[in-house]
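**Q** This is the structure, below, for whatever I ask next.
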Amino acid sequence: MHDLATIILLGIIEGLTEFLPVSSTGHLILASEMLGFTGEGSAAFKIAIQLGAILAVLVAYRARFWGVGMGLLRADPAAVAFTRNILIGFLPAMLVGAVAYEGVRALLESPATVAVALLVGGIAILAIERMVKVVKVESVEAMPLRTAIAIGAVQCIAMIPGVSRSGATIMGALLMGVERRTAAEFSFFLAVPTMMGATAYSLWKDRAILTFDDMNAIAIGLFVAFLVALVVVKAFVAIVGRFGFAPFAWYRIIVGGGALLWLAWK
């Protein structure tokens with residue numbers, strides 16, 4: 001597909017950005033445009049390597065997931081509520097994604113869409129941070145069913161590249177009165193079924209055009225993304241707890257504005 005350095009660089013970008021509200025897909029699209037990373041398998045690569053970051057969540061929160069699994073065997077109410085909220089939150093993305101997949105893939109080739117979404121999303125994050133003051137939900141287990149459904153519906157907006165899946169779900173959670181750290185963690189957990197489904201669907205759809213080299217590139221990019229995300233996922237929660245989401249909003253505005261200038265100049 002492309003040289004090893006490019007594949008590793010894209011894996012690093014994915015690992016750094018998947019759980020930040022800055023759009024990992026948007027960064028991959030812009031980076032691919034700058035690096036000339038194109039070809040029939042490139043779109044599948046950009047989706048599939050996100051699985052590496054998702055595996056990092058399973059490792060980083062392995063004790064939490066193990067506890068939930070054991071709790072389900074005992075029909076523990078907290079474990080049941082946790083699982084219910086994740087599955088309910090995943091449902092809207094599964095339904096909309098199945099219908100809108102081809103349209104989303106077309107948008108994946110538009111750096112201009114990414115730049116605008118980054119810019120607008122940054123402004124939205126700043127506005128929501130100022131608006132939200134009341135905390136009603138302090139854990140995933142305590143989240144009402146309607147809140148999980150609403151956050152899942154908001155996640156569908158992130159099918160537009162540059163919006164950010166984590167950004168959409170976290171901001172949606174904040175608007176529903178979810179505490180910051182809980183909002184971030186729910187976004188992580190919700191990513192597991194969402195991105196596993198997206199990766200499996202993308203690889204299945206592109207199975208006829210993916211070569212052995214493409215699959216090797218995906219494996220390398222996925223592994224690099226996993227290693228980097230393993231560090232980022234815990235650090236992000238600590239940063240949010242101390243500084244909130246404003247730093248990421250300003251970053252989006254700068255990158256989105258810079259990308260628009262670059263595209264206009266190019």
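Just so it is clear, glycine is given a Cβ too, placed from its N, Cα and C backbone atoms.
OK, Swiss-Prot features for this one:
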- 4-24: transmembrane segment (TRANSMEM)
- 41-61: transmembrane segment (TRANSMEM)
- 79-99: transmembrane segment (TRANSMEM)
- 108-128: transmembrane segment (TRANSMEM)
- 143-163: transmembrane segment (TRANSMEM)
- 184-204: transmembrane segment (TRANSMEM)
- 220-240: transmembrane segment (TRANSMEM)
- 243-263: transmembrane segment (TRANSMEM)
**Q** Between the stretches 79-99, 108-128, 184-204, 243-263, which wins on the count of C-beta pairs under 8 angstroms to the transmembrane segment (4-24)?
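**A** The stretch I would name here is 243-263.
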**Q** What residues elsewhere in the chain lie close to the transmembrane segment (108-128), defined as a C-beta under 8 angstroms and at least 6 residues from its ends?
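**A** Contacts with the transmembrane segment (108-128): 21-23, 25-26, 29-30, 33, 43, 46, 160-164, 167, 171, 174-175, 245-246, 248-253, 255-257, 259-260, 263.
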**Q** Quick one: do the transmembrane segment (184-204) and the transmembrane segment (243-263) reach 3+ CB pairs under 8 Å, ignoring pairs fewer than 6 apart in sequence?
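**A** These two segments do not touch.
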**Q** Under an 8 Å Cβ to Cβ limit, what residues of the same chain, 6 or more beyond the ends of the transmembrane segment (79-99), are close to it?
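**A** Hits for the transmembrane segment (79-99): 67-72, 140-143, 145, 147-149, 151-153, 155-156, 159, 169, 186, 189-190, 192-194, 197-198, 201.
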